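A short worksheet on the structure shown next.
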Number of protein chains: 2
Amino acid sequence: MLSTWRMSLVHLLFGRRLATEEDEGERVGPIAGVPILGLDALASASYGPEALLTVLIGLGTLATQYVPWITLLIVGLLGILYVSYRQTIAAYPSGGGAYSVAKENMGTNASLLAAAALAIDYVLNVAVAVSAGIGALVSAVPTLLSYTVELCLGVVALLTIVNLRGVRASGAAFAIPTYVFVASLFAVIAIGVARTVASGGAPVPVDPPHLATPHATTSLVSLWLLVHAFSSGCTAMTGVEAVSNGVPIFHPPAWVGARRTLTLIVGILVVLLLGVAFLSRAYGITATPPGTAQYESVLSQMVAAVVGRGPFYYVAIGSVVAVLCLSANTSFADFPRLCRIIAVDRFLPEMFVHRGRRLAYSFGILALATTSAVLLVVFEGITDHLIPLFAIGAFLAFTTSQAAMVAHWWRVRGPSWWRHLAVNALGAVATATTLIVIAISKLEDGAWISVVLVAGSILLFKRVRAHYDFVAHATAARDVTLDFRKSEPPIVVVPMLRWDAVTVKALRFAIGFSPEVMAVQVLTGDRDADDLTSRWRHLVVEPADRLGVPAPRLVVIHSRYRELLRTLVRFVRHVSSRHPDREIAVVVPQLVEPRWYQWLLHTPIASLLKTALLLRGGPQIVVINTPWYLDAWIPEQRRLAAPPMRGGLGDAAPT
Amino acid sequence: MLSTWRMSLVHLLFGRRLATEEDEGERVGPIAGVPILGLDALASASYGPEALLTVLIGLGTLATQYVPWITLLIVGLLGILYVSYRQTIAAYPSGGGAYSVAKENMGTNASLLAAAALAIDYVLNVAVAVSAGIGALVSAVPTLLSYTVELCLGVVALLTIVNLRGVRASGAAFAIPTYVFVASLFAVIAIGVARTVASGGAPVPVDPPHLATPHATTSLVSLWLLVHAFSSGCTAMTGVEAVSNGVPIFHPPAWVGARRTLTLIVGILVVLLLGVAFLSRAYGITATPPGTAQYESVLSQMVAAVVGRGPFYYVAIGSVVAVLCLSANTSFADFPRLCRIIAVDRFLPEMFVHRGRRLAYSFGILALATTSAVLLVVFEGITDHLIPLFAIGAFLAFTTSQAAMVAHWWRVRGPSWWRHLAVNALGAVATATTLIVIAISKLEDGAWISVVLVAGSILLFKRVRAHYDFVAHATAARDVTLDFRKSEPPIVVVPMLRWDAVTVKALRFAIGFSPEVMAVQVLTGDRDADDLTSRWRHLVVEPADRLGVPAPRLVVIHSRYRELLRTLVRFVRHVSSRHPDREIAVVVPQLVEPRWYQWLLHTPIASLLKTALLLRGGPQIVVINTPWYLDAWIPEQRRLAAPPMRGGLGDAAPT
């Protein structure tokens, strides 16, 4: 059953790691829901505690005294968030992404704030998950340590290629590593707790963790440091909102299944967080300086301390790496969809709206890959450096979403609405407070970057929308009916290099739709383009006179500065300004060669001229391009000798 | 007087380091002619002996026994070349470049051989001169040794930029370093010879040169090794042909001044070569392994041994570096001109014919910079590795030029023609023999690369010419007069996204020149482009009916695969195939935005469509592009409301 789920999100607007079946008939229950919607939340259990301990690295083993208390605070906050999101699930059974909930209840500005926070959250999720996954890998295989950044970029590249190809991950790809991850960490926690209890609180580690020597200033444990640690540890909560986005995938009544899934996910997460906190204290596990040769991830130390570096160790760490990389992959599914919905509302360029051939939003995928790769390179692939940015984005999204729910209850009312409002208000206040704490404590560590990015994104969204609105206004022709009154034919300009079939084809088209044709030859002296002045009478004027029709005029311009393009554009502008009420049609003859390398043999003068005219020709201009196909040269020549025509008299074939 | 010379070669076809004054009145004598036309020849005195000694590196100080004899052989060959080129100067007073002399006397194949040899010679001159210059620099400043390749590329980049800007080097820029170079090396040779004589043949070096420990196999001095050394040493002769290309710059009678200049150059070169050979024997100077930490150039060792590493040493080595870099610069002046003349004969793409804005042949400069940079990187910036390639190119050019002179005398006859023929025949045989010796002895060192490059270049030249000939044949319309018989108007296709001013402008142009217009709307479902079916009657059909003119037909296509471009191209091809005798004009509406970054906001659908139609539209197609300028939106809208027209009736302004 798992294998038939698809990662296609057509109905859901955005949100993390949601799988809508293309076949509406297949729905899931909580057990299947956990890997699909809970992967991100559970993955954060592996970098949250690590981030917390890394802040306390200076305290040495003393740190482990404080970890349980900070963890309890985080778990308490998680509880508030849990209760709040239970309400969102019930209120938005069709999926309550922060952008659409905010848009519906609080208007454009709030929804753009949510969009900016979510977009940054997705980008950082890729960076943090990939770098944490590689961090786990290099803990198990220390020789890879010096290739951290390269490995991170390799994973991003792989995810990009896979997603550009529009892969549809089956549920099994998520379920197996998720449950192996949960089961092995639960087993480690159970064994560790049992040993601790059995040994009276001082278990002997199988493989001793890195013992940090207390830092010089350890005696001074400031509250400031603990607040810092809390701020970093809060990243353990990221991903909790995903279930609220994915309600429709559950068996009806969907909100019941979704709530049960949320309960399961939060329950597992709480066990993992408390377990890690307990064992880090019992075994004296501290963080190691990231990016150095002594680095080993907290989870790796913990598993090794409890069960040793046997096969079980490698299974557990392998599942950690897999879960982290898969949680990065969910950003690749969700970020492009978020961008699409923003672009549909015209706050992002329309490229984000179009799907590629394989139904993937290629532009969004590339944007995500580029930005996360830049982050990984700038921050050298070390999770710890990215945590301050990540925590801001995630809590900004939480706060907006909860605040929008408060507005929702206020607007909608309904039975016992004030109780619902109170719960979401508690959630909003708690997450907002945390957000402020994080922002202040992490400001100089890089949180300001997130603030700048959010503000910059909102500004960008608004500028893009303003431009689209202006274009729509400027080009509006809502009820303008087409005007069929006869207008004067345009003045036609035909630039030509020499008298050949390519030029003749262009001239023929020109005389077909206007009696006022000027053939322009620019002589630069560089080429042996023969001046046509002497032959023009014979080639053009006499045949025209015989039929009594106006003949094209030859204009020969000598360019002292050998500037073909500029001279032609200047001539066209000159004609425009002398006839301000006329259209000027420039017929550009162009030789089209069948093979790409043959293009190297000819100056792309026709293409350059078309571009120059488009950009600098002015509003009277129309650019007409008559291609002449070298690989069809025999029919082209034949048409030259006997043109497609009906009726007509006078001189015929070439002489 | 020197400062007014310019490095512009308008009259001379190609050849090395020629300065034609733009002002015809200013001509030069031999003293000024040496730096202008002799720089390359003199510069080769610094890498020729070095290359010779490097081959003998395994012999240790024993090598210095053989150096004078090999040098005498090279000087003898130089004498033959001198006499031969004196004749070329007299026979071609307007400049006798190998390409044009060969073309005139021996036909296309010989001239292409000469062209290929010269082109490769110029490229290698850049690589060898730059790497020798940097070699001299790192000998003086050994800490720079590990940056050899980077320094070489830096010099090439600098030369490229300077030449792209079209700098005009004044004669002084060449004269000062050239004469400082000659004077300081002459002084060193004079002092060294005097000390040697005074000390009875065993002078005490001021700063002892690197003493090589004799190699294990030194006792076995094979003839093969000496032939190798001779082949390498022959690079000392490169650049001698330059005077023959530059005859017209001298005071009349020009050939007299040119001959005197050649005598001066060859005289100086002989003194330098013999002097270096003598001193390397007297002071026991041997080459040092290039590219290693022990490396020091032979000239650097020699100057240091004779006068010590005082200020004089730095002046002398500084002039060596300057002369070598300037001799690379002359390739930058001459290679693009060689390419131009080959391109004028249509053996190279026409890009090489056009001058850039600053009168420089940008394309040729970039081609030279790229190829020489590739050589420097592949051969790690070490002169010695490039010598085998260089010698082949130079002697191939010598041989072709001399052989062409033989053909010239045979053809022209004239007084005592057999004597002239014999002299050039001696030159041709001597250089051909040397060429064969070099080719055989250096074959596995890389000379085969030159052979492959020459053969490949000739093949390329011929293929390019064959293609141009075919294009000229296929597009010929020599005496085809313009046919003014009335032909049927084209069938017009107007692709449109929605009903806006951009589309209306395109439709208006379309109805102006054909009664058969189809407006095509492709609905992909991705966009909110509203289906116009219901409004078409009101917007288009009724206004047309009122005037009794044919109305454009609306074609709405639903694309299941969201492929806008492919669907449109397929539709156009479908129309073409149903009307094989009609022209199909596609009018592409395009919104033109004033700023480049605004282009990012719109899918470049119009540009992509134009390109797709050009490449895959087929011979019946004409592409018409009606730009709509956003920065002129008010006049554009006004024109929409009241079009430029004369006469006409029926419904007017927007409703």
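Yeah, the Cβs are placed from backbone N, Cα and C, and that goes for glycine too.
The transmembrane segment annotation in TrEMBL covers B:66-85, B:112-138, B:144-164, B:176-198, B:218-240, B:261-280, B:312-332, B:359-379, B:385-409, B:421-440, B:446-461.
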Quiz item: Any chance the transmembrane segment (B:112-138) and the transmembrane segment (B:176-198) are in contact, meaning at least three CB pairs closer than 8 A with a sequence separation of 6+?
Solution: no
Quiz prompt | Stretch of maximal Cβ-Cβ contact with the transmembrane segment (B:218-240) [cut-off: under 8 Å; candidates B:176-198, B:359-379, B:385-409, B:421-440, B:446-461] | solution = B:385-409
Quiz item: Near the transmembrane segment (B:446-461), which residues from the same chain, at least 6 beyond its ends, have a CB less than 8 A from one of its CBs?
Solution: 109, 112-113, 115-117, 119-120, 342, 347-348, 385-386, 388-389, 391-393, 396, 438-439
Quiz item: Per the definition of 3+ C-beta pairs under 8 A with sequence separation of 6 or more, do the transmembrane segment (B:176-198) and the transmembrane segment (B:66-85) touch?
Solution: no
Practice problem: Answer with yes or no whether the transmembrane segment (B:66-85) touches the transmembrane segment (B:421-440) by the criterion of at least three Cβ pairs under 8 A, sequence separation 6 or more. | Solution: yes
Quiz item: Residues sitting near the transmembrane segment (B:66-85): Cβ under 8 Å, six or more positions beyond its termini, same chain?
Solution: 48-49, 52-53, 56, 59, 221, 226, 229-230, 233-234, 236-237, 240-241, 243-244, 262-263, 266, 269-270, 273-274, 276-278, 280-281, 398, 402, 405, 423-424, 426-428, 430-431, 434
Quiz item: Looking only at residues six or more beyond either end of the transmembrane segment (B:312-332), which have a C-beta under 8 A from one in the stretch?
Solution: 16-17, 39-40, 42-44, 46-47, 122-123, 125-126, 129-130, 132-134, 136-137, 139-140, 155-156, 159-160, 162-163, 169, 173-174, 177-178, 180-181, 184-185, 187-188, 239, 242, 299-300, 303-304, 365, 368-369, 372
Quiz item: Residues of the same chain, at least six outside the transmembrane segment (B:385-409), with any C-beta under 8 angstroms of its C-beta?
Solution: 47, 51, 81, 84, 87-88, 91, 96, 98, 101-102, 104-106, 110, 113-114, 117-118, 120-121, 124-125, 127-128, 131, 231-232, 234-235, 237-238, 241, 244, 290, 375, 379, 417-418, 420-421, 424-425, 427-428, 431-432, 434-435, 438-439, 442, 445-447, 449-451, 453-454
